[in-house]
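Enquirer: Take a look at this one; I'll ask things after.
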Amino acid sequence: MRGTAGVPDQPVPTPTPSVPTSSSPVPKPPTQGNKKWCVPKAEATDAQLQSNIDYVCSQSGMDCGPIQANGACFNPNTVRAHASYAMNSWYQSKGRNDFDCDFSGTGAITSSDPSNGSCSFLS
């Protein structure tokens, strides 16, 4: 009902802006001492892992020298070992965001250092 002069009797509510809730996904920044690495999932096939190696090693700024013959991470000379190095290098260089370890569902985050022998993985 309107009062005199066409003014509403009750105040008109104003819309409030939508505010993201705490359930919105927000990547957590890496913290000192909280080291993580990206490695292949156990069920990833050699073909999928070779595709990951090919992709990472074709990108500008990525150094795949360590997984080439005579490189510090060439041995063990397996697709899985080479993919571990390449996938982790990508993950670390892109800021350690979990989504940078997806690799079409073939990557997994671990807190166990995959380095071995003379091969040191970035962390």
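Placed from the backbone N, Cα and C atoms, the Cβ positions cover glycine too.
If you look up Swiss-Prot, you'll see CYS38-CYS101 marked as disulfide bond, on the strength of similarity to another entry. Residues or ranges marked as region 'Disordered' in Swiss-Prot: 1-37. For 1-21, the entry in Swiss-Prot reads signal peptide, with the evidence type experimental evidence.
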Enquirer: Going along the chain, which residues six or more apart from CYS38 (disulfide bond) have their CB under 8 A from its CB?
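Expert: Sequence-distant Cβ neighbours: MET87, ASN88, TRP90, TYR91, GLN92, ASP100, CYS101, PHE103, GLY107, ALA108, ILE109, THR110.
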Enquirer: Going by DSSP, is CYS101 (disulfide bond) sitting in a helix, a strand, or coil?
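Expert: DSSP call for CYS101 (disulfide bond): helix.
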